[in-house]
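K.L.:
Here you go, one structure.
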Amino acid sequence: MSFPYSLKSFNTFGVTQSCLSLIEVRSKAELQAICLPLYQSKQPMLVLGGGSNIVFTDDFNGTVVRVLSKGISVTEDVSYFYLEIEAGENWHELVEFTLNNHMAGLENLALIPGTVGAAPIQNIGAYGVELCDICHWVEYLDLDSGLLLRLSVDECEFSYRESIFKGRLRDKAVITAVGLRLPKTWQPRLAYGPLQSFAADTVTPRDIFERVCEVRSEKLPDPHILGNAGSFFKNPIISAAAYVELAQRFPNIVGYAQANGDVKLAAGWLIEHAGLKGFVLGNAGVHAKQALVLVNLGNATGQDICRLALHVIARVHDVFGVMLEAEPRIMGLNGETSLHV
């Protein structure tokens, strides 16, 4: 079977795979016209944003739809700015847009790769802020009804790296636009690592933005130079009792208390202290500066990356008794699959 359309430039790992058909859409009407017939005929279909959260392990036996819709509109009332953003907008460029227009609240989320439409799917987050903190609503194309529907932030069922779009609406919805609500009374979020040195009464949104960009640029490789998907593993969440037990064995373990009493561990710390920082397996490796990032060292296949990920998961479990979970979607011949080799 021939797969004539290369996906190499459409995934940030730079994996060389192809697909049967590749279509770009720039409006909601185009999206409906393309996606609904494919869905109704049960043909394999993948809706792709920036390709920064995906690992292709095989050629894709179906149609890849790239969402390139653009547009940002802003309204306001006494307390909030309200933004409506089309799904194809670049996330980091949106962060820059808000700061340049004197709207704060997204600065902690600077330099997260990908598009706005992908952001709600895994409830993106960094440095103490998650999308759910500033999301107002999400609009999506319901593939069963063919209608454009809107969910409130509560209806999105957000949790850590999860949403209704990874649950009940998986493969049944295509996000078309996102609504954000940014408070005019700004409260800096400074609880995480490199932001703790700022003073809450003097720090500005631009200060936080620049620090986040600086830290991410130092630790995260440029995917144009070294293929990667950013953080490959979720930070595991364990019970307080399990954390106390681990802390007795590993006094320097990094953990963050959660509102429900659980503790979120730093997956990068676990990987590094399992001896895997800089580890290489075939053409894939654990990044030497940030152990949470897996990289394509040249000509890695999706299988190479999955093999390395499984090795990391097994090693961390052997050392700490903690099971890591991959963040990116794993795409096989006919659609999404599990992490395997």
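Each Cβ is built from the backbone N, Cα and C atoms, and glycine gets one as well.
Here Swiss-Prot flags 15-185 as domain 'FAD-binding PCMH-type'. Swiss-Prot lists R161, E327 with the feature active site. Here Swiss-Prot flags S231 as active site, proton donor.
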K.L.:
Can you tell me the CA-to-CA distance separating the residue listed as 'active site, proton donor' and E327 (active site), as a whole number of Å?
P.N.:
7
K.L.:
So what sits near R161 (active site) in its own chain, CB-to-CB under 8 Å and at least six residues off in sequence?
P.N.:
Q122, N123, G125, K234, E327
K.L.:
Three states by DSSP: which one describes E327 (active site)?
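P.N.:
Reduced to three states, the DSSP call for E327 (active site) is coil.
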